[in-house]
Amino acid sequence: MTPRGWAVLTLAGLLVALAVAAALLVPWQRPPAPRADQLAALRDLPADQVAHSRALRAALRPGRYTGLVVGLLVALALGLTPLGGRLVELAGRPFGGHWVAQAVLGGLAVVLVADLLTLPFSAWRHAVLTRYGLSVQGWGGWTVDLLKSYAVSAVLGAVVLLGFYTVTRLAPRWWWAVGAAGAAGLVALLSFVLPVLVEPVFNRFTPMEPGPLRTELMAMAARDGVPVKDVLVADASRRTRAVNAYVSGLGPTRRVVVYDTLLREATPAEVTSVVAHELGHARDRDVAVGTLTGALGAAAGVVALYLLGSARPLLRLAGVDSIAEPRAFPLLLALVTVAGLVATPVQAAVSRLVEARADAHALALTGDPATFEAMQRRLAGVNLADPDPPRWERLWSASHPSTVERMAAARAYARETGR
Ligand SMILES: [Zn+2]
C-alpha cells in the first residue's frame, strides 16, 4: 500500500475512534432546563442590569464578527495566493533562503502579519470592555499582556515549526504519521503542562489564608472524592473585574484556584458553589476527556491536511509544489483557520453539555440551589453576560449554558428535591 493509502486508512481509524469517544464520553442525554423556568428567571433579574449587559454585548458584536471575517480573509489571502509564500521567502532571504530560516522566521512572519491585521479588533474589544468598566487594565498593562502572549506563542511556534519542517524533510512521504502523533502529543502537553508553566507569566498565586472558607473547600473536595493539595488565590484583579475559579493539576498536585475578584465579590457560600462546579469537572475528568478528543481531532486534522494538501488546484493557487515545504505554510494556516471555524460550534455544543453536567454536580454536592442561583445572578452581573443571548450566538460559540438556563436548572433541582 502507498503512504497515501495508509493515510486514508489512518484517517478513517481516527475518525471512528473520535466518534466512539464522543458517543461514550459526552453527556448527550442532558435535557435543557424548561424554557418556562428560564423566562421566569429572566423576569426576576433586574431590568437595568439586563439592559446594561445587552448594550455591552451589542457594542462588542461588530468588532468581534468583523475581526473574525478579517482574520479569515487574511488567512485565505495569504494561503490561497502566492502572497504568503513570498512573505516566507522574504523572511528567509537574509539567511540565504535556508530552509530553517524560511520555516521558523517565515512561519512566524505569516502569523505575525495575520495577528497585526486583526490587532485593531482586539484593541476595540479592550476599549469597549474598559468603557463598561469590565476591564480595569490600562493600555500599558494591556500592551504588556499582548507582548507576553506574543512571546509565548513565538517560542512555542518556533519549536513546532522547526519540528514540523524537520520531519517533512526527513520523511517526505510519511511526515503525516509523525505529524499526527506529534500534534496529539502537543495537545496533551498544552493541556497538562503549559497551564503550570504559563499561568505564572500572567498571574501570581498565593495560598489562601487559613480560615473557615479554606477548611470548607478542602473538606468538600475530600467529601467529593477529589482531594486537593491546596487552595490558591490568583491576583486577577490586576486586569479584570470578572470572577472565576478552576481546578488544575492531577492527583497529588491538584489544586483549587480562586480569583481574588471572586473572594471580593461573592459570599463564602457562593464561592463554595463555584468550587463545587469546578470539582464536578475534576470528578468527571473533563480536562482528560477534552484532551483525549482534542488529541484525536488534532491527529485526524494533520492526516486530513496531508490528503487535502496533495490537491493540485490548491497547490497551484498557493504557487507551491508541495504542502510539505515551508513556503506552503500559509496554505496550511488557511486550511487550519477554516477547520477552526467549522469546529467552533461543535466544540461549543459539547462544552455546554459538559458545563451543564458540572452545574448538576454542584447542585447535588452542595444541596443548595438558592445559593447556586444567587451566584449565577451575581456572575451575570459582574461579568456583564447577556443572561439570555440570541439563539444564533449561543449555537455559534457559547461555551456555557446561559444564565437563565443555569438559574432554571437550579429551580428544577429545587422542585425535584423539595429544597
Ligand atoms: Zn465549568
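Note that Cβ sites are derived from N, Cα and C of the backbone, with glycine treated the same way.
Database features, via TrEMBL:
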TRANSMEM  6-26  transmembrane segment
TRANSMEM  65-87  transmembrane segment
DOMAIN    70-204  domain 'CAAX prenyl protease 1 N-terminal'
TRANSMEM  99-121  transmembrane segment
TRANSMEM  150-168  transmembrane segment
TRANSMEM  174-198  transmembrane segment
DOMAIN    213-413  domain 'Peptidase M48'
TRANSMEM  287-308  transmembrane segment
TRANSMEM  328-350  transmembrane segment
Contact between the transmembrane segment (65-87) and the transmembrane segment (328-350) (3 or more Cβ pairs under 8 Å, separation 6+): yes
Among the ranges 6-26, 99-121, 174-198, 287-308, 328-350, the one whose Cβ pairs under 8 Å to the transmembrane segment (150-168) are most numerous: 99-121
Interface check, the transmembrane segment (174-198) with the transmembrane segment (328-350), three or more C-beta pairs under 8 A: no
Stretch among 6-26, 99-121, 328-350 sharing the most Cβ pairs under 8 Å with the transmembrane segment (287-308): 6-26
Non-local residues, at least 6 beyond the ends, that sit with Cβ under 8 Å of the transmembrane segment (99-121): 63-64, 66-67, 70-71, 74-75, 78, 84, 87-92, 150, 153-154, 157-158, 161-162, 164-165, 169, 326-327, 329-330, 333
Summary of DSSP states over the domain 'CAAX prenyl protease 1 N-terminal' (70-204), given as helix, strand and coil counts: 116 helix, 1 strand, 18 coil
Positions whose Cβ lies under 8 angstroms from the transmembrane segment (6-26), at least six residues beyond its ends: 176-177, 180, 289, 292-293, 296-297, 299-300, 303-304, 306-307, 350, 353-354
PLDDT averaged over the residues of the domain 'Peptidase M48' (213-413): 92
